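Here's what Swiss-Prot has on this protein:
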- Gly75, Val78, Asp79, Leu415, Asp418, Ser419: Na(+) 1 binding site (BINDING)
- Ala77, Asp79, Asn82, Ser318, Asn350: Na(+) 2 binding site (BINDING)
- Asp79, Ser149, Gly153, Phe317, Ser419, Ala420: dopamine binding site (BINDING)
- Gln314, Ser318, Ser354: chloride binding site (BINDING)
- Asn181: N-linked glycosylation site (CARBOHYD)
- Asn196: N-linked glycosylation site (CARBOHYD)
- Asn202: N-linked glycosylation site (CARBOHYD)
- 558-587: region 'Interaction with TGFB1I1' (REGION)
- Phe105: site 'Contributes to high-affinity binding to cocaine' (SITE)
- 1-56: topological domain 'Cytoplasmic' (TOPO_DOM)
- 172-233: topological domain 'Extracellular' (TOPO_DOM)
- 285-303: topological domain 'Extracellular' (TOPO_DOM)
- 374-397: topological domain 'Extracellular' (TOPO_DOM)
- 497-513: topological domain 'Cytoplasmic' (TOPO_DOM)
- 540-550: topological domain 'Extracellular' (TOPO_DOM)
- 581-693: topological domain 'Cytoplasmic' (TOPO_DOM)
- 57-95: transmembrane segment (TRANSMEM)
- 96-127: transmembrane segment (TRANSMEM)
- 128-171: transmembrane segment (TRANSMEM)
- 234-253: transmembrane segment (TRANSMEM)
- 254-284: transmembrane segment (TRANSMEM)
- 304-332: transmembrane segment (TRANSMEM)
- 333-373: transmembrane segment (TRANSMEM)
- 398-439: transmembrane segment (TRANSMEM)
- 440-463: transmembrane segment (TRANSMEM)
- 464-496: transmembrane segment (TRANSMEM)
- 514-539: transmembrane segment (TRANSMEM)
- 551-580: transmembrane segment (TRANSMEM)
Amino acid sequence: MSEGRCSVAHMSSVVAPAKEANAMGPKAVELVLVKEQNGVQLTNSTLLNPPQSPTEAQDRETWSKKADFLLSVIGFAVDLANVWRFPYLCYKNGGGAFLVPYLFFMVVAGVPLFYMELALGQFNREGAAGVWKICPILRGVGYTAILISLYIGFFYNVIIAWALHYLLSSFTTELPWTHCNHSWNSPRCSDARAPNASSGPNGTSRTTPAAEYFERGVLHLHESQGIDDLGPPRWQLTSCLVLVIVLLYFSLWKGVKTSGKVVWITATMPYVVLFALLLRGITLPGAVDAIRAYLSVDFHRLCEASVWIDAAIQICFSLGVGLGVLIAFSSYNKFTNNCYRDAIITTSVNSLTSFSSGFVVFSFLGYMAQKHSVPIGDVAKDGPGLIFIIYPEALATLPLSSVWAVVFFVMLLTLGIDSAMGGMESVITGLADEFQLLHRHRELFTLLVVLATFLLSLFCVTNGGIYVFTLLDHFAAGTSILFGVLMEVIGVAWFYGVWQFSDDIKQMTGRRPSLYWRLCWKFVSPCFLLFVVVVSIATFRPPHYGAYVFPEWATALGWAIAASSMSVVPIYAAYKLCSLPGSSREKLAYAITPETEHGRVDSGGGAPVHAPPLARGVGRWRKRKSCWVPSRGPGRGGPPTPSPRLAGHTRAFPWTGAPPVPRELTPPSTCRCVPPLVCAHPAVESTGLCSVY
């Protein structure tokens, strides 16, 4: 072998244009594998798609204002769970002491994961599936996020329909859940809760008018024997669901230009209502005692594993990571947007909202506890029962009860709408970016998505719909989300590389993430997520609703729903490997190498070229260890030859239509060859350079 030439044992690669063309710009590139066996050269080739041009990236829709994006993210992250879940967990797990594990997990895992998703979407400017061009074998992680978002839409929209039903029912002089004199009430209904008693004289359990209105007047649960006896959809709830679907469609059909305007109402209204309810709640008798119980500090509870587990799980679900929503929203940002600042702002607002909503919730719970002379623990609960039974019951006892009920359910409606918009946007953006046909017909595709969620949501508005709702809530958005986020952070930090990801962020913000963020992404967050996944499986309990226990077949169906989203990751990985040419080692090398060059999308249209990631199992070769050679021109076969050192100047390769090589990519003076794997990274293709292994 000639002097100065890198030794390539038995295999070499050529990256050359598939056919000669005079037009400038990105070309389709043919990847040719040349393998020498027994003196015979065997070739295999495949056609590589060119990277997205800067012009195409510039054409992507962007938010009209920065505030549109921030309100959309805040509106999505701050949802109904902030009202019904966090205050209860805080009270249950030692009051103010619960903030210690909550804030700890927020800092070491919640904010880093939130920041990672915002940066991932903003840099790649695609939806949940498209961003995985950074590691094609893990594109299934994006489809998992899209599928989970779709599943959540099947039952989350029903909560909004319930809130709308309550809102419409509040426009009366007397709220329908005030007394027991309605057709849906049972003999067990009691207008007042007896102190320290939950049973009537004959041993039958007592129920409140608010509880019977929700379960019998709205859900008609008494007409169903279980999940195997659903009955027909209730026309009242179906009508409310139709209105919700129509509202979602017209909020989303034109993309972020319309949704960005809607969130100015849906994201800000809850704060106005929460403030009004807080002013009213703290004046009620018993409110101070309940707030004191909410904030009481019991540091001994920190020795209990359940407290830390509850905090970890709450962090995962309260921020909305793993659903593709943050990726979709940030993909419409300007390339130079400061996503780090956005992550800090939105996560802080989310946590403060969760904490402050506890004052509102417990002021009314304290009022109810004193009114019925029962301990605060007897009325404190989480889930739909808090906002559709306990809270309406408290509002019904206030002067101007109808006014306060309207205000409260307007808040629930707006909290639900912008969160549902985020979930739908994840599905629409994620699939539209993958399939251009859907992108060209976004309005029609949006209609199909919302119609699909409507049709499947009908199962949740039947007589036994609450059982379907509980099953979906238990399985569709549980372990599968945690698994998806775990695979996401492994893909970014270990396959794509935390150093390259940091370089991407530096291009956008001008600042490389500090060592703290890199350590969180690479070590702390994966360990945290693995811990939560294991705990969620180990502490699994079969779903139930009240005294009703789901049959075994329903539990099996729930696990099948969860597995259907998680299985997309290995299925797509197997498909990707099978669809690539070459040996198993070559397939794996190409499957974990980014598909396209990441470019800076700005008004200048320039796209800085990065050294390609050289696959070696997992991880990346640094560019200083690469051996750079010019590709041969069209029609020339055989292995490439090394280039002279490009010191202090740039060099263009006209036949590729590529820009000159930046000075910072000047190869080192000594050429170090790496294992014989093919490098097919478009960053090399676009400059006419190929890295020889």
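Cβ atoms here come from the backbone N, Cα and C positions, even for glycine.
Locations of recorded Swiss-Prot features on the structure.
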{"residue": "Val78", "record": "Na(+) 1 binding site", "DSSP class": "coil"}
{"residue": "Asn181", "record": "N-linked glycosylation site", "DSSP class": "coil"}
{"residue": "Ser318", "record": "Na(+) 2 binding site", "DSSP class": "helix"}
{"residue": "Asn350", "record": "Na(+) 2 binding site", "DSSP class": "helix"}
{"residue": "Leu415", "record": "Na(+) 1 binding site", "DSSP class": "helix"}
{"residue": "Ala420", "record": "dopamine binding site", "DSSP class": "helix"}
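Candidate recorded positions: Phe105, Gly153, Phe317, Ser318. Nearest to Val78 (Na(+) 1 binding site) by Cα distance: Ser318. The topological domain 'Extracellular' (285-303): residue composition by secondary structure is 14 helix, 1 strand, 4 coil, according to DSSP. The DSSP breakdown of the topological domain 'Extracellular' (374-397) into helical (H, G, I), extended (E, B) and coil residues amounts to 17 helix, 0 strand, 7 coil. In sequence order, Ser72, Gly75, Phe76, Val262, Val263, Thr266, Ala267 are the residues of the chain that are 6 or more apart from Asp418 (Na(+) 1 binding site) and have a CB within less than 8 Å of its CB. The recorded positions close to Ala77 (Na(+) 2 binding site), defined as a CA atom within 10 A of its CA, are Phe317, Ser419 out of Phe105, Ser149, Gly153, Gln314, Phe317, Ser419. Using Ser354 (chloride binding site) as the reference Cα, a 10 A cut-off selects Ser318 from the binding-site residues Ser149, Gly153, Phe317, Ser318, Leu415, Ser419.
Take the transmembrane segment (440-463) and the stretches 57-95, 234-253, 254-284, 304-332, 514-539: counting Cβ pairs under 8 Å, 234-253 has the most. Among the listed stretches 304-332, 333-373, 398-439, 464-496, the one sharing the most Cβ pairs under 8 Å with the transmembrane segment (57-95) is 333-373. Fewest Cβ neighbours within 10 Å among the recorded positions Asn181, Asn350, Ser419: that distinction goes to Asn181.
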